[in-house]
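Encoded as structure tokens, the structure appears first; notes follow it.
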Amino acid sequence: CEYVDRRGRRNHLAACCCDCQELDDGCDRWLTCKSLPPGALESIADTIADRLRVPWFSGAVKINVSLVPPLVLLPVFLHVAALHFLLGLIILTSLPVVVLWYYYLTHRRKERTLFFLSLGLFSLGYMYYVFLREVVPRGHVEYSQVVALTCGLILMLAALSRAKKDPGYLPIPASNEKPSHQGLPNKSVRGSSGGLHGISGAASSRAVNGEAKGYCRMSAEQPEGVKKDWCTKCQLVRPARAGHCRLCGRCVRRLDHHCVWINSCVGEHNHQAFILALSFFMLTSVYGITLTLHTICRGRTPFVALFYCPGAYSDYSSALSFTCVWYCAIVTAGMGYILLIQLLNISYNVTEREARLALRDNTGRRLLGGLVIDTGQYNRGLLCNWGHFLSLGSSPPQRSAEDIV
């Protein structure tokens, strides 16, 4: 039950509700109708988050606060929504709004959060639990269909686990190889062991990071090329199409975007697994929705039953199943849109990051009603683009003779 708190002092779970100077000061000011000083609420929240722990063999383990709301609020909201049609309409309309608001809040603050990953995983587990508890016992779902749904869920989780791994982070140079300046000078100067300078520094950085393919050729006459490939945050020269993620604080090969649903970047090494996880999710979700609607709305097609299902609120079990179906339909529609954009981007060999930069610089052209931004820089035709995507991360980059010299 002991742990080291955020101030580096040894503490105990038994004292978690005591000795909170920030909370005491806040209560005193509240009772005396005085305003809180700037940063008081943040300090209280940090203290509460630091003391939210559970006992463990090696010491009290800290619980991430962002994991808790989905585990508590999602079942409560869905059960309340199953009480009446109007309650379901209000809650199922409000949930996407709240999730989007929290996304923009964390995105603006450049914060990493486990809220969306927790929400996604718990939603999958809870929907599967409701399916087994409320739908399967009705006797209209065969065991083979349950096995197929379970296999789809397992395959999706396996692909998600692979997508959570290294997206292709560029190695951070050792401390003695970091440069002393934020950028590369225009003129070539004598290199030193303490930094990267000019052309010799760029070559040494490529040697350190094992990169050769994809770099823009840099020379003293092309300072603009140097600026594009030099990351002032990571202090390294990065290959073409690589980018710096401000949430992860790392440069990633062929950076597509930072996905909050996996709490990681999508890059060269995990882009295929990310697409696979989305595809398995879509297939499994649509299949589960179809099985549930065939059970609670007999004699109607799934699309018609989704909007017109008489008797869905005749008993609480059917109402809960129907509410979960609508929740799954909303999530599936959102993930389907993400998958559609990803497939279009792959077809034009453009990443989300490149599309945003093209929109900002007005260098790309909108296609298909603005669903995709074609930069024209890497587009080599549909088959070549998909061949390039399917070969991502298949072989390590080879060093050229220039790099070896």
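Heads up, the Cβ atoms here are built off N, Cα and C, so glycines get one too.
Per TrEMBL, the feature transmembrane segment maps to 76-102 (among others).
Residues 64, 66-67, 69-71, 74-75, 78, 99, 102-103, 106, 149-150, 153, 156-157, 260-263, 288, 291-292, 320-321, 324, 327-328, 331 of the same chain sit 6 or more residues outside the transmembrane segment (114-131) yet have a Cβ under 8 Å from a Cβ within it. Summarising the annotation, TrEMBL assigns transmembrane segment to 114-131 (among others).
Taken from TrEMBL, the feature transmembrane segment covers 143-160 (among others).
What TrEMBL records for 227-355 is domain 'Palmitoyltransferase DHHC'.
Annotation comment: TrEMBL describes 273-296 (among others) as transmembrane segment. Sequence-distant contacts of the transmembrane segment (273-296) (same chain, at least 6 residues past either end, Cβ-Cβ under 8 Å): 127-128, 131, 135, 138, 140-141, 145, 148-149, 152-153, 155-156, 159-160, 162-163, 165, 259, 262, 266, 302, 305-306, 309, 312, 318, 321-322, 324-325, 328-329, 331-332, 335-336, 338-339, 342-343, 346.
Taking Cβ pairs closer than 8 Å, the transmembrane segment (316-340) reaches residues 78-79, 81-83, 88, 92, 95-96, 123, 127, 130-131, 134-135, 275, 278-279, 281-282, 285-286, 288-289, 292-293, 295-296, 306, 309, 371 in its own chain, all 6 or more past its ends. The annotation transmembrane segment is assigned in TrEMBL to 316-340 (among others).
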Using Cβ atoms and a strict cutoff of less than 8 Å, what residues sit near the transmembrane segment (76-102) while being 6 or more residues removed from its termini? 115-116, 119, 126, 313, 316, 319-320, 322-324, 326-327, 330, 334
State the mean pLDDT for the domain 'Palmitoyltransferase DHHC' (227-355). 91
